[in-house]
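Q: Take a look at the following structure, please.
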Amino acid sequence: FATVDCSEYPKPVCSPEYMPLCGSDSKTYNNKCDFCSAVVESNGTLTLGHFGKC
C-alpha cells in the first residue's frame, strides 16, 4: 500500500514538474503537490492508488 506524505500541503503554488501519481479516484495527478492539494480538498477521502499514470 503506497502512501504520500501530504503534511506540508497545501502549498499556494504547485511546481510544473511531471511525476504522475494515480489517485484512488482513478485520476492521474501531475505531481505530489497537485495530488496533495486534492487530498486536502477531499478531507482525506482521496488516497494514492499507485505511482505513475492511472
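Just so you know, glycine gets a Cβ as well, placed from its N, Cα and C.
Straight from Swiss-Prot, here's the annotation block:
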- 4-54: domain 'Kazal-like' (DOMAIN)
- CYS6-CYS36: disulfide bond (DISULFID)
- CYS14-CYS33: disulfide bond (DISULFID)
- CYS22-CYS54: disulfide bond (DISULFID)
- ASN43: N-linked glycosylation site (CARBOHYD)
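I'm curious about the neighbourhood of these features; can you describe it?
A: In the domain 'Kazal-like' (4-54), the DSSP tally of helix, strand and coil residues is 10 helix, 9 strand, 32 coil.
Counting only residues at least six positions away in the same chain, the Cβ atoms of LYS32, PHE35, CYS36, VAL39, VAL40 sit under 8 Å from the Cβ of CYS6 (disulfide bond).
The number of other CB atoms found within 10 A of the CB of CYS33 (disulfide bond), across every protein chain shown, is 20.
Cβ neighbour count for CYS54 (disulfide bond) (all protein chains, 10 Å cutoff from its Cβ): 13.
Close to ASN43 (N-linked glycosylation site) in the fold, though at least 6 residues off in sequence, lies no residue with a CB less than 8 Å from its CB.
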Q: Could you tell me the C-alpha distance between CYS33 (disulfide bond) and CYS54 (disulfide bond) in angstrom, no decimals?
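A: Taking the Cα atoms only, CYS33 (disulfide bond) lies 17 Å from CYS54 (disulfide bond).
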Q: Can you tell me how far the Cα of CYS22 (disulfide bond) sits from the Cα of CYS14 (disulfide bond), in Å?
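A: Each residue's Cα considered, CYS22 (disulfide bond) and CYS14 (disulfide bond) end up 17 Å apart.
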Q: Starting from the Cβ of CYS14 (disulfide bond), draw a 10 Å sphere and report how many other Cβ atoms land inside it.
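A: CYS14 (disulfide bond) is surrounded by 17 other Cβ atoms within 10 Å.
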Q: CYS22, CYS36: which of these disulfide-bonded residues has the sparsest Cβ neighbourhood within 10 Å?
A: CYS22
